[in-house]
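These come from Swiss-Prot:
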type	residues	note
BINDING	Gly40, Thr41, Ser42, Gly43, Ser44, Gly45, Lys46, Thr47	ATP binding site
DOMAIN	4-245	domain 'ABC transporter'
REGION	229-251	region 'Disordered'
TRANSMEM	277-297	transmembrane segment
TRANSMEM	592-612	transmembrane segment
TRANSMEM	639-659	transmembrane segment
TRANSMEM	681-701	transmembrane segment
Amino acid sequence: MDLIELQDIRKTYRLGEIDVPVLRGISLKVSPGDFVALMGTSGSGKTTLMNILGCLDRPTSGHYRFDGQDVVDLTPDQRAALRNRKIGFVFQNFNLLPRMSAVENVMMPLSYAGGGVSDQNGRERAGALLTRMGLGEHLDNEPSQLSGGQQQRVAIARALINNPSLLFADEPTGNLDSATSEEVLRVFQRLNEEEGVTIILVTHDPSVAQCARRIVRIRDGVIEPESGAVGDMPQVSKAAPAQSKPVHSAMRRGDLDKFRRSLHTALSSLRRNVLRAALTTLGIIIGVAAVIAMMEIGRGSSTAIQRTIASMGAHTLALLPGTAASGGVSFGGGSVMTMTPQDSEAIVNECPAVLAAAPIVRARTQVVHGSRNWVPAGIYGTTPTFLEIREWPLAEGDVFTERDVRNASKVCVLGQRLVDELFQGENPIGLEVRIKNVAFKVIGVLSPKGANMMGMDQDDLLLAPWTAIKYRVTGSSLANVNQSAASTSSASITDQVNSLSNLYPTEKVVLYPEISTTQAFDTPLPVRFTNVDQILVGIRSTSGTRAAIRQIGEVLRERHRLRPGEPDDFSVRDMTEMTKTLASTATMMTKLLLAVALISLIVGGVGIMNIMMVSVTERTREIGLRMAVGARAKNILQQFLFEAVLLCFLGGAVGILVGRGISHLVTVLLNWPTELSLDAILAAVGVSATVGIVFGYYPAWKASRLDPIVALRYE
């Protein structure tokens with residue numbers, strides 16, 4: 001059976017509206033083991049015929065059978081597979097890839113073999129072929145380190161790596177001197193005579209054609225009658241014709257080998273223009289760095305806001321007294337004193353959603369120690385529960401107790417700002433401060449909290465038992481229950497303060513005793529007995545905020561004897577709403593910054609697309625060579641897409657490092673809170689890959705659509 005059989009092959013190119021015939025009814029047969037010289041002048045059609053014979057092109061009409069298979073109607077991928085398994089090419093210009101060693105150039109067709117071989121087996125086969133070509137000492141040399149003859153022998157070894165049935169040599173001596181040309185021709189003769197390789201040598205030089213056993217002349221697209229075999233050629237040996245050997249399953253390479261080769265090819269491409277690659281990835285680096293830095297700064301800020309809110313009491317509600325009005329004029333919140341310590345106890349006992357509650361009495365006056373004085377932002381009379389609700393630990397010392405509250409003990413706990421202003425480095429524990437000339441012993445110092453969301457210094461305060469502040473500092477007393485009671489009372493304020501122990505008997509502690517209906521009726525609301533300025537409520541969870549507000553409202557309305565339809569004589573401030581608002585604002589700002597960063601990533605992606613388009617143009621000949629040795633369109637697409645993704649990954653990796661560095665510098669230099677964001681890093685990696693795929697696809701697709709013939713001729 002003939003290896004090649006052509007019947008009436010015609011090829012016509014259309015230039016505008018004109019049809020230009022190049023091949024005019026070519027019929028030809030080539031037997032296995034034959035050595036044919038296809039000779040003709042420039043423009044005779046010999047190169048077009050070789051391209052059709054080598055499955056690089058398709059005829060306009062006619063029939064072509066290769067090794068018994070009709071190849072005219074094969075798809076491009078099927079023709080590529082046929083070229084890879086059964087056809088080898090040797091070109092006039094060698095077409096070796098400059099950044100690859102001799103062994104790597106020879107191994108290139110193995111990358112596209114259907115079965116594939118491992119890197120180790122492929123290297124051994126390539127090394128053996130190069131040794132047969134007399135290049136055993138130049139395996140790792142790049143083409144620039146080899147002579148012209150040596151480069152052509154590397155090209156021959158590459159053509160033989162997959163044991164092809166047919167070897168095409170297109171003007172193989174065109175760029176060589178006479179001595180080297182004879183050396184290369186002897187290699188072809190030896191391959192044909194000793195190994196039975198079928199060779200078609202394309203040339204215009206009669207002296208080169210003489211090395212073949214058969215000369216086929218072509219003129220103006222028509223084959224001239226053959227003159228017979230070359231008479232002075234030695235007899236062909238009895239070696240069996242070369243057969244395309246299938247690759248055994250034991251030699252199959254895995255995905256890891258494919259990945260390694262693709263990675264090596266991509267890195268070799270990037271090494272050609274390191275500076276250009278670095279500048280190309282600059283947009284990706286800036287975008288990823290911005291994403292990382294903004295996410296970490298945003299997350300740190302969000303955490304800081306949450307901590308600030310927590311320090312103010314994220315799980316807290318503030319209950320304020322009602323509003324008095326006269327003549328249509330409102331006197332503002334707290335103008336009617338409707339809250340009592342008893343309300344605080346009732347809320348804790350009767351509201352399941354409430355964890356704790358603390359009454360608060362406020363005072364505004366100066367605090368004196370020695371010759372120094374300071375007016376703190378807040379002087380709060382409360383209970384020890386206040387610090388539990390606020391989750392506020394002590395830096396040193398102790399907090400006052402419920403016994404201190406019962407006894408109106410003159411003890412206090414200071415905030416850090418007040419300590420700094422009054423004691424200036426001196427340890428305040430055990431010392432005294434005076435509030436309205438009442439001496440209070442300092443028993444504890446609060447840990448610093450800093451400013452709250454409104455910018456107020458939370459450390460500028462003094463805490464003491466509410467009974468001490470109310471009865472010893474602000475001047476409220478039992479005598480002031482009402483004016484008439486005061487006029488008939490003979491006890492002084494001091495005596496009544498000292499009689500507080502009678503209100504809190506040690507046998508059975510009733511911190512806030514009930515008052516009778518008569519007392520409640522006779523006592524004007526603005527000065528109701530044991531009224532407080534505020535009640536701080538700690539709820540069990542933010543999800544139970546609405547339930548807590550509803551329960552508190554029901555309890556207080558019942559206690560204050562409010563009829564249905566009457567307005568509340570109290571108000572509730574919900575910190576969770578402020579928390580949600582601030583969190584929403586922080587999230588919005590983070591998204592805005594991320595949008596800016598994503599724009600930078602898009603700009604970087606456009607840069608990737610641009611550089612990949614340039615790379616496709618620069619490597620057009622390489623693409624044609626890879627297609628000639630068996631690369632399918634999807635192989636070219638995958639390779640260039642891999643390079644684009646690798647470029648983005650490298651830019652992303654550098655961007656992650658830069659972003660982390662920026663985040664660290666912001667923390668060190670500006671003292672802004674930042675927090676490591678693994679989500680941002682993973683997102684940056686994902687975005688980098690996505691940018692590489694999206695913006696690298698078109699250049700890769702364009703590369704895969706190149707015509708191998710046009711690509712090989714590209715200058």
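One is the number of the first residue shown, and numbering goes on along the chain from there.
Placement of Cβ uses the backbone N, Cα and C atoms for every residue, glycine included.
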- Task: Sort out for me which one of Ser42, Thr47 has the most neighbouring CB atoms within 10 A, since those are the binding-site residues we care about.
- Result: Thr47
- Where does the mean pLDDT land for the domain 'ABC transporter' (4-245)? 86
- Note on the structure: Cβ atoms other than its own within 10 Å of the Cβ of Thr41 (ATP binding site), all chains, total 12
- Which chain-mates of Lys46 (ATP binding site) that are at least 6 residues away have a CB under 8 A from its CB, listed by sequence? Leu38, Met39, Gly40, Val202, His204, Ile218
- Note on the structure: Note: vs the transmembrane segment (277-297), the recorded stretch with the largest number of Cβ pairs under 8 Å from 592-612, 639-659, 681-701 is 592-612
- Note on the structure: The correct three-state DSSP answer for Thr47 (ATP binding site) is helix
- Task: Please report the number of other Cβ atoms within 10 Å of the Cβ of Gly40 (ATP binding site).
- Result: 22
- Query: When a 10 Å sphere is centred on the Cβ of Gly45 (ATP binding site), how many other Cβ atoms does it contain?
  - Reply: 23
- Using the centroid of the Cβ atoms of Gly40, Thr41, Ser42, Gly43, Ser44, Gly45, Lys46, Thr47 as reference, list every other same-chain residue with Cβ within 8 Å of it (recorded ATP site), in sequence order. His204, Ile218, Arg219
- Message: Are there residues at least six beyond either end of the transmembrane segment (639-659) with Cβ under 8 Å to its Cβ atoms? List them, or say none.
- Response: 262-263, 265-267, 269-270, 277, 280-293, 296, 604-605, 608, 611-612, 615-616, 626, 680-681, 684-685, 687-689, 691-693, 695-697, 699-700, 703-704
- Based on DSSP, name the secondary structure state of Thr41 (ATP binding site): helix, strand or coil. coil
- The number of other Cβ atoms within 10 Å of the Cβ of Ser44 (ATP binding site), counted over all protein chains shown, is 21
